[in-house]
Amino acid sequence: LFDGIYPFYPQQRKAAGFDISTTIVIVVFLTLACSFLLIIPGIRGRARLYWTLRVLLSLFVGVVIVVVQFTGDWETGWVQANTSYKSFSPVQVNVDVGLHIGLAGVNVTLRGNPVKQINETINYNEHFPWNFGADYDHSYSQGLQKGLPSPILYVAEKFSRQSPCAVHRQYRIAGHYASATLWVAFCTWIISNILFSMPVLVYGGYMLLVTGAFMIFSLLSFSTVRNSPMCLIQIGTRTLHVAYGGSFWLMLAIGLLCLVAGLTVVAMHHLNLDLLKTFFDLREDKAEEYQEMPELIINPHFVNKGL
């Protein structure tokens with residue numbers, strides 16, 4: 001001890017609350033949704049319901065495509081175990097260890113049961129990035145210099161370049177290509193919205209199919225990490241197992257939704273074009289489509305004379 005505290009633990013680490021990038025994206029899309037809700041009373045009749053359904057559903061698809069780029073729960077795993085808290089110390093603590101794998105890196109969570117143990121607050125959430133432009137080993141070295149708890153360093157070491165597990169390169173490349181295909185899906189989503197605002201609905205349906213296809217491609221890209229055998233992550237006497245997380249399944253659901261919506265638009269274009277135009281508020285008024293003949297006024301005096 002140095003003046004009553006451990007020299008490698010000058011202050012308690014705090015758990016991360018919200019990811020700033022995710023918060024910004026959600027706020028931007030919520031602003032767009034609220035702006036639309038302010039003008040929706042100006043739309044008349046049944047078209048109001050159609051516009052609300054189309055716009056809110058489209059915004060939801062867009063925000064999901066962008067948000068999952070920054071989330072850390074493409075793969076997740078939790079385990080509760082008794083383990084050593086610090087290196088070269090026989091003291092055992094009861095903790096929950098969480099592993100959250102995203103496209104850009106890995107988060108390791110350590111939470112005590114209870115949080116207050118051995119006169120310390122055990123509540124950590126450390127991020128180790130592996131996206132291009134970031135140095136995972138440097139982040140791991142910084143964790144060593146900070147004196148992070150042993151369970152966090154042990155789990156983070158499994159994904160380093162020097163680890164015998166050899167999964168760092170696989171996760172990094174898979175996450176990079178999954179992120180790239182999602183950005184392509186975001187571009188095709190924008191194009192589909194532009195086409196849906198024009199009288200070329202079938203092409204909007206085709207672009208929606210392309211959007212869903214690129215979402216599925218991103219999932220296939222990320223799932224290639226399962227081709228590499230994962231080392232056992234032993235925490236005390238328990239083993240930490242990972243499985244696909246919320247972001248993976250949400251992206252699968254949204255991708256299938258885009259495929260179904262695109263197929264529906266294409267099918268309706270060939271089967272019932274009038275109904276499709278009505279849903280997208282592009283159907284012309286009958287009075288404008290069929291111009292009525294103006295009323296003809298005839299003078300009865302000339303009719304009686306047979307003129």
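Note: Cβ is positioned from N, Cα and C throughout, glycine not excepted.
What TrEMBL records for 20-39, 51-71, 91-110, 177-196, 202-222, 242-268 is transmembrane segment.
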| message | Let me spell it out: take the transmembrane segment (91-110), skip the flanking residues so only those 6+ beyond its ends count, and list any with a Cβ under 8 Å from a Cβ in it. | response | 15-16, 68-85, 117-118, 122-131, 134, 136, 149, 151-152, 155-156, 159, 171, 175-176, 178-179, 222, 233, 235-236, 240, 242, 245, 247
| message | Counting only residues 6 or more past its boundaries, what in the same chain has a CB within less than 8 Å of a CB in the transmembrane segment (242-268)? | response | 60-61, 64-65, 68, 71, 73-77, 99-102, 182, 201-202, 204-209, 211-213, 215-216, 218-219, 222, 230, 275-276
